[in-house]
Every structure is written in structure tokens, then in C-alpha cells.
Amino acid sequence: MAPYPCGCHILLLLFCCLAAARANLLNLNWLWFNNEDTSHAATTIPEPQGPLPVQPTADTTTHVTPRNGSTEPATAPGSPEPPSELLEDGQDTPTSAESPDAPEENIAGVGAEILNVAKGIRSFVQLWNDTVPTESLARAETLVLETPVGPLALAGPSSTPQENGTTLWPSRGIPSSPGAHTTEAGTLPAPTPSPPSLGRPWAPLTGPSVPPPSSGRASLSSLLGGAPPWGSLQDPDSQGLSPAAAAPSQQLQRPDVRLRTPLLHPLVMGSLGKHAAPSAFSSGLPGALSQVAVTTLTRDSGAWVSHVANSVGPGLANNSALLGADPEAPAGRCLPLPPSLPVCGHLGISRFWLPNHLHHESGEQVRAGARAWGGLLQTHCHPFLAWFFCLLLVPPCGSVPPPAPPPCCQFCEALQDACWSRLGGGRLPVACASLPTQEDGYCVLIGPAAERISEEVGLLQLLGDPPPQQVTQTDDPDVGLAYVFGPDANSGQVARYHFPSLFFRDFSLLFHIRPATEGPGVLFAITDSAQAMVLLGVKLSGVQDGHQDISLLYTEPGAGQTHTAASFRLPAFVGQWTHLALSVAGGFVALYVDCEEFQRMPLARSSRGLELEPGAGLFVAQAGGADPDKFQGVIAELKVRRDPQVSPMHCLDEEGDDSDGASGDSGSGLGDARELLREETGAALKPRLPAPPPVTTPPLAGGSSTEDSRSEEVEEQTTVASLGAQTLPGSDSVSTWDGSVRTPGGRVKEGGLKGQKGEPGVPGPPGRAGPPGSPCLPGPPGLPCPVSPLGPAGPALQTVPGPQGPPGPPGRDGTPGRDGEPGDPGEDGKPGDTGPQGFPGTPGDVGPKGDKGDPGVGERGPPGPQGPPGPPGPSFRHDKLTFIDMEGSGFGGDLEALRGPRGFPGPPGPPGVPGLPGEPGRFGVNSSDVPGPAGLPGVPGREGPPGFPGLPGPPGPPGREGPPGRTGQKGSLGEAGAPGHKGSKGAPGPAGARGESGLAGAPGPAGPPGPPGPPGPPGPGLPAGFDDMEGSGGPFWSTARSADGPQGPPGLPGLKGDPGVPGLPGAKGEVGADGVPGFPGLPGREGIAGPQGPKGDRGSRGEKGDPGKDGVGQPGLPGPPGPPGPVVYVSEQDGSVLSVPGPEGRPGFAGFPGPAGPKGNLGSKGERGSPGPKGEKGEPGSIFSPDGGALGPAQKGAKGEPGFRGPPGPYGRPGYKGEIGFPGRPGRPGMNGLKGEKGEPGDASLGFGMRGMPGPPGPPGPPGPPGTPVYDSNVFAESSRPGPPGLPGNQGPPGPKGAKGEVGPPGPPGQFPFDFLQLEAEMKGEKGDRGDAGQKGERGEPGGGGFFGSSLPGPPGPPGPPGPRGYPGIPGPKGESIRGQPGPPGPQGPPGIGYEGRQGPPGPPGPPGPPSFPGPHRQTISVPGPPGPPGPPGPPGTMGASSGVRLWATRQAMLGQVHEVPEGWLIFVAEQEELYVRVQNGFRKVQLEARTPLPRGTDNEVAALQPPVVQLHDSNPYPRREHPHPTARPWRADDILASPPRLPEPQPYPGAPHHSSYVHLRPARPTSPPAHSHRDFQPVLHLVALNSPLSGGMRGIRGADFQCFQQARAVGLAGTFRAFLSSRLQDLYSIVRRADRAAVPIVNLKDELLFPSWEALFSGSEGPLKPGARIFSFDGKDVLRHPTWPQKSVWHGSDPNGRRLTESYCETWRTEAPSATGQASSLLGGRLLGQSAASCHHAYIVLCIENSFMTASK
């Protein structure tokens, strides 16, 4: 409704009246209702007697007594006594008779009232300008609302507006907030404020001002963040208006506004201007209901408001926004709510205002008006229907005005749209046009927050659109669109996206399902956030004896497990389409089967509702982790409705309505989900467009508010009944439903298949008009009258005509007219002109679907008007829900249909049709047409310009003598006076204080030598290692302080110091008494010499002081060399100290075992050498002063005799393989030798035998050039016996012929553990042509250096004749070498050891191995095969293209050329000493062990991590993983052998060739090299650490187990690794398989022994580690040395016996809170199960244990 053009005049008048009413200066009853009883008005608002000062009202209190209390309320002024007709329901008490001359008195008093108003305005404005600060309003702009339940409070202006509030709607069951004090009598003193002003919201206010929103309609959503916008209403009493007992004790309380979460409110106030400062009054609903707030929106009404604001102050400007209905001081009464209206009492309304917004002035009129709403209120067709009803008939109020505003016209239209099918004639009992519009201002409408409130949630919303991939969509011939759920279906969502945090108290669940199996299954479930129990759900049991149960799962808050609230047993319906519905209302639950009530059972539940956590889950066809049973079958419909009533139209398929193709708000039903019908959901909350003028009778097939048409459904000889009509008081209409056709037996008659949609039929004839309605309805509109567009009462609701008497009692509602008979279907013809749109008619009974009609003929009609905006559709969030627990979450990983934000506002609708001009209005307050008296005096004008200065006035009389003045300030200093006479000599003064000591004098001449000084502190020890063996005079510093030795003889006197600079002369000091002997001071640094001073007197010599303690400072001057002191040996590892006292060096103790070097060949025992001659004494060393300067030569002590030889140390670990050197120069060619005879093969069955001494070298053959090296898998073999040479391979392809090189003589076997013969054979080029046999040549000259320089022999010569077959050797581990290109295929060998591998291609011919010596050694060996005949010698080939290794000096150089390196080649960067391997599309770094110093005798070995080699044989499909022997030296010297004893290794299968030099690589799948490989036949369990430390928050034991599994797989470990942790459900001891606990050793990643068995670890001694034990991570890092683990502690959560400690495992390893603790052990203490509770925020080592030894998987 557009504002009236002439409303400004009355607005100005009301503005003045409002200000006066604010100051209690004026009674405005005459303005609003000229027929009001003045006796009531006199007690309500006292009239002023002249201008009265405005008094603050904060000190006036109103004692409000609970309604059931016995104490009468002590009512303050402004709180009238309620009339008797409302105190007792059902008894009509006659109202006070009005005096017949009341109108005349009213007219006569207008002039006096106006004069009083004018005077009051002047006083009030002046007082307001002087007392109200501008910033007081700004502080009152922020709204703080109480949630979830709180009273509706109005904050009125007082001396402290922020501290004042009057409770309007008291809440029930809320604890008293601070500041609310209850007396012994049960009353609560509360301040009585004045009515609220514009800027003061109707709730307690705190904080700074909020900038106003820019839209015309505002809500709290713009201010209060993104909390879920939900307002939940309690269902009204099922009996409607039946009398109810008084509400329980209620107290008016001040709301607690602290620590609350504000809500977005669904009901807001309309606003006119562009700038609206939102404010709200909140409703505290009883019980556990959520809050529904009505938000008042103030606005800027135009320039005149700002003008008044500038004139009278901000408070008055704010008051101007509420003009229109003048909510602050209307004439009326605030009365207690009668018990006959429990529907409003449930909303928290305890008092209401009369007259209401329908101008009812008595309780009887209110009850009569409420009868027309009785049936509609029971339908719950709109979520805010009860609010609309109560705001209209019983507007809530406090003890003082104003009442709550009326609902807006748009609110009314939204109700009419949602409830049209439940209305008789499609109309509400009130005309929406009679209510103010949103643009008019002071009214309540539905805000944006209500658009997300869903009264019904359907299947497609719960599944998402599109549904998850595991849920398939089908088109069933019986029901249409349906969804198939299999065993893998997953459809979890967050419940709070569809339901409020406080779930519906009463509700219904509707299903249309067809089970596919006889097993149990959950149809629907809402779980807690942990998915531990089902809060609400429906479950089908398994079929037993032809029956199955349907259970309602309803778990009360605080319960520990899922509770079955009710269970119904019915015949099994597997494979049958069945309608099921559960209705939960109050204390009962009812089951409906195929639309008939099957059984009703009591439901025991508390008054508390279901609180849904933020992470609560919502599932369809399952219950997530709370229940493993999943429903398997087809679901066509699933609805969760807030309405507990289950009607046939909800239960049955709406087959006749093709436009209703969806179930729920967003649809999941049988038609197009995009078309939504809102007739049942009540969710079409957006206001519709203004409807055209109604016709007399609605058509039979009308249009929905969101659909263009409904299909025609006509059944012959059937009367169309009103859908959902209820029997209203005083009417005879019968409640009927038109759901489906029923047979005489009462069963539902199933219809046939759906046909196609027919064309709309011809509208039937209009029905007969009904009898006239209530006389209270407004008449036709009149001409615009001077009325404000702001207010809800008075002319804004209904135009008040001229003088008329008070309205009589309302008549009874007329019975609705009968619906017209349905017309016969007309023949299809050309469509006629479009007629006026009629009201939607009631749907007829469901009839059979007709055939689709022919399309109409004719031109296309004009487009219809734009429809209202549709309901919000589901939005889809593409991010997946993340849940903490890794043990399995029922939430789906698919796109989830989560409700999205509100869309943009739609385009403005078309302008309405202008109304007819009304009759000229009359002045509404006089009884005649004569003009009224003069108006009020105007507001004071602006300040005029200053006048001319006046003439000076006459002098005034002399004033009285003033009070004495204050004492003056001190004057300034005067000038200096004349000098005085000389005084007499004074008495001698007292002795002065003793002066400070003078500066130190200059050093005197050198005195005689003094006695020897006291012994100094012990000097530092000597280091464990000496650079020169003869000793040095310089200082030595040890790594640890030695023990104090015996006192040595006194040292020589020190050198003479330099003379100092002369110091200033000082006064002679008095000789002091001898002081107490002090401790020797620390030597200080030499200071700057002062000037020479006078010589002081020599003091007496003090006594010798005690020896001082060790000081901290610069070292003193060293003394002269003394006799030889003790030589101290300090261990570099553990800091232990060994010393040998005595002047001369005696033979020392046995030294610590040195690091293990590589095991060499067995040499002959050498004789003990004699000690070398003693060297000459060196030059004396220098002596240094504290500042670093050299003072003089020092003397060197004599060297002691060499000590005895210590015992032999333990065997060291084998050394690392050396780097591959470059090929040496080819030797001089020799003569080809004669072919030797074939040797006899060795007998492999004899076991391992000793090999004989090597024979003389054979004649050299023609050497070939070295080719590309290949990988040698047996570089470090563990066996002590060499094997015979392998089988010769097939002849390789010929290579390019090279120049003939010189042949060098073969050198003796070297000491370096490398197979040079094999390497050379692998580096050969392609075989050349066969040469002629030559004579034996002379011995060639020695070669000029081998691979590693001239100190080593050159490479072996060409292969000689094969020798006799030796005994087979033990296969050694894989060694570090160069991975070459695959050679040509060799012949298939016999099966190897272990599981059969796949057959590989034949290898290249292998040369015989170099001679070896008997006994243990580290020479490379091969698994021998029977010797074959040697191939014919070829001509020398050219030099190979490459050795398979590329060297670069820097990493930058490597990055520039690495793309040129073939895949599989090794790359060495000299600058960083790093090794890389070229892989597909990049390169990978090879992890190396720590550097090992070269042992004596070798100078070319370097540590290298042995990369894995996977050998594939044609007959073995499983890869064989070789076991690298440990090659690192021990990290500390101890008595542990570097090579721990290994378990016995079985010998290989007889005759199995070991393809040690051939590697089959898979070029298509380059993988990262595993850090470990292990033999199949060795039973061990590995204990390995994760690659990075973890805090106590590991996402549970399953999260840690998963990381162990994942990282073990990444390095090629196929066993099952579990975290070395105790948890809530497992002890650490029980992780390893029972069969492997007693005898299987525990080793690290390098197979170094850690514990002899799993049980030995839990012997109660906290798992002591052996000295030198190492623990590696999966990527090969030593956790005790690597900086990745700064804290060397291990999580375990166990006691020493491996049992879990429930108080110390970081809350099942799920938290990293500093306050939580977990049991850990420090590895620095040498124990794996040490008992130390540490904070869970620390990042410690997490170990993984292989829980069983599985040979086949390793």
C-alpha cells in the first residue's frame, strides 16, 4: 500500500503528541479512539496539569508477581487493572456505560489539550536539549540478543538507558541472570522505563553503534553474523481454543546478554527510508524452544525528521520513526493474556494490548474474532501462522505502552499463499489489504532468515542433486522416479544444514519404500557428531517368521547408547511398494501403513528436545558408524515434516498432480524436481504479487501460488469438499480430505497407471455467493485522509469515517457458501480471451488420469505476470566433509547438497492498478463538519540574526563588599642588598668525613723474589688424540675435565711485568688494620696504566688465605715448564678418563677398540716390530699472555716410553666399497696362449671346500676394451669361501672393432674387495673377430697403473682357461656398483634359492672370478655353475662409450646437462659428494650412510648405501629381495661386535645359478629405491621409525598405523607394520603375533640386532637398548643423529610390561593439547620403554613394529 500523500500533516501533529506523551504530559485517547472509556484512560495515562518537568523514571519500580502467585500485583502508574471480562474466561461483563455527552466533552477539551501540548513541547524540547547527550544514542545502536531462549525486553530511555529494561514476554524455565533478584515473596523488582525511542532497540543494548544497512528492509542478519537463521515455534495446543490452566510460575527477568550467540531473526520490521538502524525485541519461548524475534526497524522518514533532530536533539528524532501508530502512548490497556488463548501463551506472550489491531476493545470481541481462526491454527500450514494470529488479535505489550506492531500486508499474503488449500473460499479471516505494507513502516514481516526454515525436508534434499554415485536413479513403472540403494551406498550429510539445532518436538516421517533383501537396515538416521549413537532414526529388522519390526530410534540427550523408543511388528513386505509413516506427537507415536493407522504406542521421553551438535550426521538408508545395518532396496519418497499430522494426501502418491513432482522443499518425488508445489510444505514464505480483484466463486481447478495450473481432475457425481476444512465453532461444516478414492471397506483403492497430462478444462459456473461476513471487516476504501503511513492502528488499518457510534457486538460468522457443482467437461475449442484470475479452488477428488488432449489452436497469448520468487533450492558444496576419525566415516565423499546462501533479490514487480478515488475524508475527532479549533503552536523557528546593539543602560547601584580575597602568591626575589660587615672568626668545624681511597699508585721497583705461591687449580687434561707423538709445549684442552691429581711442586716465579704509566699523585692513606685473609681473586685483564703516583707505605703482610675455588675468567699466564705431569686419555664417545700418574710415562693401558676396517685377506703372521728410536727434543713452545700475545718460549717435557701393545680389538664391521675408478691404460699386447684342457667339474654335494692356492698366471689373451659396467649384486658377500667361476654366457653381439691394445701381465689379487675381473668383463666392448692362435708371448711389462692409481695392480687380463670347479660359495648380499644396461639374454639356469622367479633373458658370458684365498674374506664371489668352454678370443675393441657414471664438479653443472644422461645411469656431484640415479623424467638422490674413514692399507673406499636389486626370473613370478649386509662402523667404541652374529643361512639349491651381475629393470615404472631388502628365509621382525616426528595428535591409533603401513610400502617392505603404541583398545605387548613373540629377533632397518625377541623387550626392565644400537627411519635416517628429531624421545603409552596407561596416551593419540600427557621414553637414556610422562604437544619419535614374520611377503 502506497503511503498517503497528505500524511505529512498528521505526522507532524503526532510527532508533537508523541513528545508530550513521552514526558507524561498528554493523554492521547482522544486521538485514537473517540469512543474509548475515559475512566480507563484516566487510570492508564494521567493527564498533565500545565507544563510539567520531565522526571526520569528509572527509580520507579514495578513488582511483578507470578501469575499463580497469591500476592496481588502492585501496579505502578501506567499499569491498569485488567477488566473483569478477561480475568474469567467465558463470562462477559458489561463494560462501563459511556456518558451521553462524552463526544461533546471530547470536542470541548480539544482546545485545552492542544494548549497543554504546546506548553509541554516547549518545556520538553528545552529540557531534552539540555540533558540528553548526543553520544548516548550512538551507544544504544548495537543489539545484543539472548539465545536460545530469552525474554522479550524493551529497553526504555532513562537516566541509564543501557541498564534499564522491562520484560515483555517472560520466559519459562530460564535461570535468573545476574542482576535479577528474587525476593522471598516471589516478586522481582524491575525498573519501570518509559517507552522506547527510535534509537534504543527493544533489547538490552551494549557496545558501539552499528552502521545502518543500506536496504529498505533490514534484519539482524546484517549485524549478527552467520549463525543458523532458525526460529522454532512450539506447536499450539491440539484443542485450539479449549480452556487451559494457567501457565506455570513466571518471573520477569532481565535477560542475560553475556556470552550469547545471536540468531538471525525471521520476523523483521518494514522500513520506509533507505537508512534503517535495526533493532529487535526478542521472544523468550517456553521450554526448550528456540527464539523467534520480531525485529523492529527504525528509519529516516525524510528531511523533516532530520530537521527536527537538529532542533530538538537525537532522542526526539528517534521517536519520530515510530509515529504513525504512535506505539509509545496509544490509548489502551495492557492486560494479562486469558488462558483461553494457549496458542499465544506458548509463544511467550503473557500480556496483550487492547484495543488490538482489529479494534477489538473487550475480551469477548477477541474471543469472537479468534473463533474464525480455530481450524486454521490446527493445520500448521505456515510456520509463523501463530505469530500472525497473536500479533493481530493479542499484540504483546509490557506494563506500559506501546504494543507490538501489527503484521504487514506481505506477511498476510504469504500466509494466504501457503494456506489457501486450508481456507474456506481461499481467504484469511482478515483482509490483507487492510494491513499496513512494508513500505508503510511500523509492521512485522517475514525476514530473509525465515527463507531457510524448512517445514519439510524431502529425499532429494537429503541425498543431494545429483545424488551420490553409489545411489542410482531409476524410473519405476509403479511409482515413477525412485532411488536404488545397494550395500555400497553412502549418503551422509550434516544434519544442521536441514534441521535446526533443536530438532522438532513433534514431527512425522513418511516413507515409500520397496526392500530388496530380508536383512535389517536403517531407513533414516540422525547421529551424533562421533557417529556413536543414533539420535533419531527408523530401522527395519530382519524378516523372522514372515514378519519384521519397524523401530523408532529416539535417544534422549545424555544417553550413552542408541535407544529404541517404539517398535511395531507387521508382516514382511520385501519386494513390495509400501507406504510407511511415523507420527510423533506429544507422548505418543503412531505407525501408518499404506495410509491407514496401524498402531499407536506411548512414547516416554523427557521435556528436553533433541539437541543436534554442529557435526551431527544425517543419513539415508544407513546410520554411518552408529549402526552397520544398511537398507538395501528402492526408496521413492522420504519426508521429514514438522507437522505431526499424517493425512492421506501426505501419505499417498499425489498421482493426479503432475506439477507436484517433488517431495519436500526441493523435491524427491515422482516428477521434475525443479517444479515445487508449496501447498503442504508451507515454505513459500516470500510475498506474492498483488492479486487481481477476486471473483465471486473460485474455479474448481485453480492455480497454485507457484504453479501456473493444476491438472484437471474431475470425478463424476462427486462433490468437491473443502480440502483440510475444520469444523469451526458455530458452523456445521465437516472436516473432509480429498486424498484418494476409498472403497466401502475403507481400504485405499489403488488407481491405474498415470496417463499424460490433459489440457485445462473450461472453468465451471461460479458458485452461489455466501452470506455476508463479519461486520468488523473494513469497507471499501475512501479518499486519502490525513493519517500517518507508519502506524498499525487507527486509520492505517481502517479508514475511520465521520462521527459514528461505537461498534456493536460482532455478529456470528456466516456459514461459508457451498461450492458450486462441477461443470461438465466442455468440448475442446479455441481458447477464449483470458479472464480475470480467480482464487485457487479446492482440489477435487482424485480421479483417473485422462488421455492427453490435442494441442489448442490459436495464437499464443500474452505472457502472464511475473510470479513470486521460488523457494530456495539446494546448493552444492564441492568441498568434502572432513572427519577426524580415520576408522571409517559414514559421510559420503560425493558432492553434498548443502543449502546455499540466499539468492539475489528479484526484479521489482509491476505497479498495481490504481484504486478508485474515495470519498472526501472528514476530521476524525470532531462530531461535526465545522473546522476544528486552531492548531498547535509551531515548533520554535530558527535562531534569527543578531540585533543592533542597544544603548548603554544607567549605572547600577554600588555592590556589596565582596568576600576577602585569597592569599597572594609569593613575590619574586628582590635585588641584592649592600655587602655586610666582616664577621668574627668562627669556631673550628668538626672533623670531615674520611675521603675515598685514592687511585692505585704506580708499580714500584722490583722487590726481592717472594716465596712460592699456592698451587694453582688443576689444569686441563690432554686430548685423546695427539697430532705429534713426541709432545708439545703448547696448551692442550680435553673434552672432559679430569679428576684432581696430586699437588705438584711449586712453579718458578713469573716474568717481570712492563712498567706502568705514572698515575696521579694521591693523598696518603692511613694505615689500615690487617684485614681478614681473603680468597685469591681471579686474574683480571690488564688495565690501562695510570700516571705515576706517590709511593705508598708498605702494608703488613697478611696471612695466607685458603685455596680459592675455580673461577671463571681468562686463563692466567702459564708458568715455566714443570716436571712431566699425568697423561690423561679421554674417550671421544663416552667421556671416560684413564690416567697414569708418575713423572715418566709408563706403559699405558690397552687402548679402546678402533673402528672396524674392511676385512682383508688372510695374511701371514708378521713379527712384532721393535719400537722406533726416540726423536729429538723439539723447540720450546711459546707462552701466551691473556690477550693472546707471545711472551716467550716454553719448555717441552720429556717423552715417555711407548706403552705395551694392547689386546686385539673386536672385529670391526666391514668397510664400505670404494668408488669405481677410471680404467687404466691398456697393457702391451702379448702373445696368445695355447688353449688349456678342460678341468673336471667340482662336486657341489660335498659342501663348502677349501680352495687351493692360486696358480701362476696364464698367458695373456687379446684384451678387449672395457664396456658399460653392469650392476654387481655380490660386492659384499658374507661367505668366507669363494665360489668357482660361473657358466659362460652366450656370445654377445659384435661390437665396433677397436685398435689393438697392449696386453699387460695379470697382477696378483689385490686387497680391495672388488671383483675387477668381473668389472672388466662387464666393461668390455662387443666381441671382435676370432684371431689366429698365436705362440706364447713374452711376459708383458707392468701396466702403468690400474683403476685406482699406480699403487694397485691393473685390471685382470683376458679370461684364461677355466680351472677345476670349486665348491659352491654362499651367496653374498647385493653390493654397490653401477647399474648398467641389460646385456643380451643368457641361457636359463637351474632354479635359485627361495621362491621361484620368472625366467630372465640369458646373460652375457661371465669371466672366471679372480683367485681367492681360503678363509673369511670380503672378496666378491658368485654362485658358481658348471664351467663352460671359453669363447674364442676376439680382436680388441675400441674404448666403450661410457662406464655408466657421469661426474660433475658442481650441482649447477649437473642440472644443466642431466637431461643428456640416459636412464639408469649414476651421477656423482663432487662438490656435495652426492650420488644420484637418472630416472624417467628426472633424477633421484641415492641415500648414503655416514662417512667412514678409510682404514689403513686402503685409500679409496667410501661409504655408500646399497640400493636394492630386484631379480626377476622367468620361472619365478615373485621378486627376490637380497639382503644387504651392514657396512657401517659402530658409532661408539664398546664390546659389541660390529657384525652381530647372524642366524644360519641355508645353502642355495644345488646347481642354481645366481644371476648376480644381471638386473632386469622395468623401464615403464621407475620406482623409488627401497631402503631395505631382506632374505626370505631369515625370520626377523623390523622395528623402524616414521620419517618425521609426531605430536600426540596422530588422528588416533589408526592414523599412526596407516602412516606405518604407507611408509613401509613406499620402501618395499611388504610386512604389516603397526605403530609401537598402546591405545584404548590394545596393549603394546599384544601387537605382535603370538607365534612370533618368543623366538623371532627384533632388528632395525639394516638388520642389526636390537632385541633377541619381542618378549625380551617387555621383561620389566624398560627395554634396555644395547650400546651402539641404532634405530632407523623408513627413509634410512638414524633418529639418534639426524636433526629431523630434535627431541630423542619415543612415544609408547605403556608401562614396562607393555600394558596401556589410560591416563597417559594423549587421549587415545588424538590431541596435542599441552595439558594432556603421553608416556614416552628418552633414547638418550638407552631405554625403549622408559617411564616419562610428557606433554602431548611435543613432537617425538614414533616407531613401527612388524607384527608378524611372513616369508611369502618379503
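The backbone N, Cα and C atoms fix where each Cβ goes, glycine too.
As stated in Swiss-Prot, the feature region 'Nonhelical region 7 (NC7)' covers range 1270-1279 out of the listed 120-129, 500-509, 1270-1279. Which of Cys1706, Cys1744 pairs with Cys1736 is settled by Swiss-Prot: its disulfide partner is Cys1706. Looking at 449-460, 593-604, 617-628, 1313-1324, the stretch flagged in Swiss-Prot as region 'Nonhelical region 8 (NC8)' turns out to be 1313-1324. Feature annotation from Swiss-Prot across Thr696, Thr718, Thr1684, Thr1717 places phosphothreonine at Thr696. Residue counts for the compositional bias 'Pro residues' (946-961) under DSSP (helix as H, G, I; strand as E, B; rest coil) come to 0 helix, 0 strand, 16 coil. Within the model, the region 'Triple-helical region 5 (COL5)' (1142-1183) shows a mean pLDDT value of 64, rounded to a whole number.
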